[in-house]
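Accompanying notes for the structure given below.
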């Protein structure tokens with residue numbers, strides 16, 4: 001006879017508790033027990049509770065390997081099952097044997113209906129470290145069950161593959177929004193839609209009456225950043241600033257040689273450059289920068305309210321003045337084909353000509369940002385990371401424990417996006433200039449050129465030659481975050497992978513990397529995305545990239561969507577007239593006629609309002625309330641990581657005190673651990 005004490009921790013979220021009954025089977029090296037009821041007088045397993053139970057085993061099972069947890073409805077309710085069953089969220093079990101220290105069994109899962117869980121003691125184990133046949137078998141059975149539950153599908157040919165589910169109603173509870181988050185999400189969107197509906201704007205298909213009317217619509221929801229955008233959107237310095245610190249701070253690159261199809265001349269830019277220099281001299285000095293939206297050339301465009309929409313593929317040349325003066329635009333060409341019908345617009349042109357040219361660039365920024373930087377590089381790519389993690393890494397694997405917090409709710413929000421945003425007839429299709437067909441084509445084009453270095457911030461910064469351009473807070477803060485994540489990951493990898501051989505011999509790790517390569521990057525070797533990893537250095541970079549993309553990059557390109565788009569002329573989702581083919585034709589009336597109609601404006605800005613802010617139930621970067629790691633060493637590394645992030649936050653907040661427009665999107669408390677909105 002052996003007596004064990006079992007402590008059970010139930011989650012704190014609404015609905016985490018259960019009326020159902022639990023039993024546990026203790027599996028050891030010498031056998032296993034019969035089901036042992038966990039039963040007190042009265043109700044057990046209340047939300048937030050930690051409860052102790054005494055159980056007696058008639059035989060010695062040897063060293064404990066596993067716990068099998070089983071949930072059934074109470075006897076009085078069994079005739080009504082499954083109507084009477086309810087889900088339970090288990091945080092962990094702790095088993096104290098007759099002799100020896102307590103053993104912690106992390107869970108952090110929902111158990112639905114009449115179901116079972118198999119839990120392992122919390123020490124992280126790489127596959128070949130499990131020598132006992134029972135543990136090896138459990139590892140394989142767990143992965144097989146998850147591969148059956150989470151399968152791949154092709155949503156659109158040429159896109160990364162995704163979860164094979166049509167609607168969030170079908171999702172497993174473990175990947176669904178919490179009830180509180182779900183309610184907040186729909187209330188946030190519903191309140192905005194109701195407001196616009198009452199004002200008669202959602203169904204108004206015509207033009208805006210004036211710029212003043214546009215401003216009045218969203219006054220009740222303006223933030224300091226929204227107000228700043230309204231006050232400065234026409235200024236050249238703010239136009240250029242957004243390439244560094246706006247929604248899409250990943251395109252600007254240093255220009256040493258002008259593209260042949262962008263024939264800017266000295267005469268054009270002399271007034272802006274000033275005396276004593278030339279275009280060639282500034283190119284050689286490295287003070288000129290280029291933003292090229294050429295991937296939009298010839299892209300399919302949409303029809304909104306029965307009217308065809310238009311797109312441009314502009315090139316923008318920018319100049320960094322000596323010292324620390326502001327970055328400024330020098331020239332804009334709205335197509336990739338120079339000629340009489342594609343003039344180069346200059347700051348010295350008529351006010352409305354120049355403003356219209358800049359607004360066409362901002363429309364191109366909207367399309368590139370939403371389709372590529374945000375949807376593809378963050379949402380679709382992190383869904384691949386998430387699915388591969390669930391399918392290839394068991395709960396006991398150190399990389400599963402490290403990565404699972406950075407996958408929280410990603411499958412829910414992406415499934416919801418396929419339902420409500422990018423499906424035919426939804427927001428992208430009915431209210432953006434490219435529509436679903438254009439978005440699809442754009443992603444297919446970019447997938448042919450997407451490179452691993454784009455996903456790794458230090459390499460991306462070097463490749464674009466923007467290491468020293470001043471006032472680039474996305475780069476500065478991003479590199480700080482990257483460094484903190486890299487240091488954390490390096491420590492964690494050092495704990496579990498003692499040599500490069502450990503990396504090469506980890507079959508589960510290699511299967512995970514291969515699945516990301518084949519399902520996410522479609523097996524394209526030219527992408528440079530690894531299909532296997534052979535060294536600890538390569539593994540550290542890869543895991544750092546995954547965590548950074550799931551957290552910091554998503555925050556940088558997602559959190560400010562409403563800030564930069566609420567004043568619609570700053571980031572128009574579509575254009576209703578074609579790009580100008582000559583100068584001297586623009587006017588205030590023509591400018592408004594080019595902008596999106598009222599209903600499309602409201603549709604898109606409502607979506608961006610919802611998608612710019614986490615709907616509660618947040619977990620900022622480095623916050624790990626689910627204690628998957630039980631050993632001391634990784635817990636120390638987590639604490640050091642949190643301390644480093646806290647210092648970065650203090651530095652950012654101190655810097656921001658001196659900025660007219662604070663850059664907050666990479667402040668660690670603002671960054672969510674995962675792509676969850």
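Each residue, glycine too, has its Cβ placed from N, Cα and C.
Per TrEMBL, domain 'PLAT' is recorded for 2-125. As annotated by TrEMBL, Ca(2+) 1 binding site applies to 15, 17, 86, 87. As annotated by TrEMBL, Ca(2+) 2 binding site applies to 39. If you look up TrEMBL, you'll see 110 marked as site 'Essential for stabilizing binding to COTL1'. Residues or ranges marked as domain 'Lipoxygenase' in TrEMBL: 125-677. The Fe cation binding site feature in TrEMBL is assigned to 374, 379, 554, 677.
All features noted in TrEMBL, drawn onto the structure.
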| residue | record | Cβ within 10 Å |
| --- | --- | --- |
| 15 | Ca(2+) 1 binding site | 16 |
| 17 | Ca(2+) 1 binding site | 21 |
| 39 | Ca(2+) 2 binding site | 12 |
| 86 | Ca(2+) 1 binding site | 15 |
| 87 | Ca(2+) 1 binding site | 17 |
| 110 | site 'Essential for stabilizing binding to COTL1' | 20 |
| 374 | Fe cation binding site | 21 |
| 379 | Fe cation binding site | 20 |
| 554 | Fe cation binding site | 25 |
| 677 | Fe cation binding site | 22 |
| said: Using a 10 Å cut-off between Cα atoms, which of these recorded positions sit near residue 87 (Ca(2+) 1 binding site): 39, 110, 374, 379, 554, 677? | reply: 110
| When DSSP states are grouped into helix, strand and coil, how many residues of the domain 'PLAT' (2-125) land in each? | 6 helix, 62 strand, 56 coil
| said: Around the Ca(2+) 1 site formed by 15, 17, 86, 87, list the extra residues of the same chain whose Cβ is within 8 Å of the site's Cβ centroid. | reply: 16, 18, 47, 88, 89
| request: Compute the C-alpha separation of residue 554 (Fe cation binding site) from residue 110 (site 'Essential for stabilizing binding to COTL1'), stating it in Å without decimals. | output: 27
| remark: Cα of residue 15 (Ca(2+) 1 binding site) to Cα of residue 110 (site 'Essential for stabilizing binding to COTL1'), in Å and rounded, measures 10
| task | Mind looking up the mean pLDDT for the domain 'PLAT' (2-125) in the predicted model? | result | 90
| query | At the level of the C-alpha atoms, what whole-angstrom distance separates residue 374 (Fe cation binding site) and residue 17 (Ca(2+) 1 binding site)? | reply | 37
| Euclidean distance between Cα atoms of residue 110 (site 'Essential for stabilizing binding to COTL1') and residue 17 (Ca(2+) 1 binding site), Å | 10
| query | By CA distance, which of the recorded positions (86, 110, 677) lies nearest to the residue listed as 'Ca(2+) 2 binding site'? | reply | 86
| request: Do me a favour and check the Cα-Cα span between residue 110 (site 'Essential for stabilizing binding to COTL1') and residue 86 (Ca(2+) 1 binding site); whole Å is fine. | output: 10
| task | Enumerate the residues of the same chain, 374, 379, 554, 677 excluded, that satisfy the criterion Cβ within 8 A of the mean position of the Cβ atoms of the recorded Fe cation site; list them in sequence order. | result | 375, 378, 382, 413, 557, 558, 611, 675
